[in-house]
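Taken verbatim from Swiss-Prot:
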type    : residues                                   : note
BINDING : 80, 121, 122, 123, 153, 154, 181, 288, 370 : thiamine diphosphate binding site
BINDING : 152, 181                                   : Mg(2+) binding site
């Protein structure tokens, strides 16, 4: 599928940044309009991240127009906002394949394009990487410029300020563009402020500024007075004091949808020395009314027809595991005001919207700050509350030290509701929940549960809520649950005990999590026993011992990395019990899992019923 590029006559002339830089500046507003129109049609046909990219169209055009990319380094933080960048860097004709198996990567990816100078997916990494590239450019006297673009949401992460503090100390030449899209463009982002930004980034002003520093170096009292005067002038119209204190020269805020103002300001800033920050104000969903009104709802979209101004209605389906979790939260909070729920900026994705509305005093959004979210839970536990930290598997990686040092070490009863465990699909290797069982299993005092369906998920969450001897984790996948009938009555499960779901002979399949249905189907071909292990830690020692003594071969199945996962725990236990037994471990291989539809990936990894059956047959051959 491709579009008739003649509908976009200026964009047709700018398939690469080199071609873009050949265009007269006068046509850039039209290019931005066409780029936005192409993005609308492209994502409408393919699905993908949507609102953020609509907000960065003018910025993307201006950066590639002013800077000599890829020689000059451009780093996008996270990458949701980088679709226009992909369109302008030679990937326009393949944009309809984005997030699909074998298609364009959902985020900037070094292996995909020389214009993607740093692979991203998690937030807050761009400034650190940009600083390193700026230092390298100075060491090599390469003359290249370095630019990072970071959204205001990512600025809540401590890593960003660690990097900015270091950059202010090293004082290398670099530009950080703060894309502030949390509010509509305010009154001070107009002609006066754009003019001031261009003035303060211009050569005349900056030359006087730097020369004055040298002259006043020996006169500290007068130098301090001059500094305060400058800050007062800038402070009348700009909120940049914090960045100035970190050692950055702050310019802005300016209208991020005025491509001419962006070009002029970037031209002025391109040759400034030291760390610079340009604050621009944009609107998520710019140019598409439904996305402007509801940028969260239009953050990522399925295939849709832009002309209808609405997303297609969702097909009726079983509730998602996230919704099951959200309902459980509300059910418990109705009876216990000491239940507190914490999320690192994933309210919608984690199923917590209703809870946040009904129990606002028990709800805490820690923003994109996973380390803080985990330790916040630890602090609440110290004061007698029952904190539930709802977090995606991939983002728990960022709070691992806090999990160990602040929670498990102190045996604090924090419940971790770990969403997106296993394959998540289209967001690719930065977001697959491949490692949580492995890295949690090594932590003392942890109880780790893996439900096979939504009812077990509900009961396990309640088990964690009731358990006061230390931290617990309930790990469940993305997407629709299995359709199991939910039991409203909540009962705490016996810790470390599994269940036999099918009695067979010779082969025993020890299943961990929602692969149970596939394991049961595969078992039919071998008349195998199937156990729903439920607990990854502690393991059911008695059950594993019994299965090892009464079967010839054990098979472990999990949607987690094989290395260090639940199957590894079974092998370790068998060695401890001095029970040598052939064990086939089925799970995720020792590689980063690429993007694609979840069903496609599961099939390719042979974790569906047919794949599990084939792996067992191959092992027995």
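Note: Cβ is positioned from N, Cα and C throughout, glycine not excepted.
A quick note: this is a predicted structure, and the numbers were derived from the prediction, not measured.
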With neighbours defined as other CB atoms within 10 A, the best-packed of the binding-site residues 80, 122 is 80
Cβ density check for residue 370 (thiamine diphosphate binding site), other Cβ within 10 Å (all protein chains) comes to 29
Cβ neighbour count (10 Å, all chains) around residue 181 (thiamine diphosphate binding site) is 24
Expressed in Å to no decimal places, the gap between the Cα atoms of residue 122 (thiamine diphosphate binding site) and residue 152 (Mg(2+) binding site) is 14
Residue 370 (thiamine diphosphate binding site) to residue 152 (Mg(2+) binding site), Cα to Cα, whole Å, comes out at 16
If you measure between the CA atoms of residue 181 (thiamine diphosphate binding site) and residue 152 (Mg(2+) binding site) and round to the nearest Å, you get 7
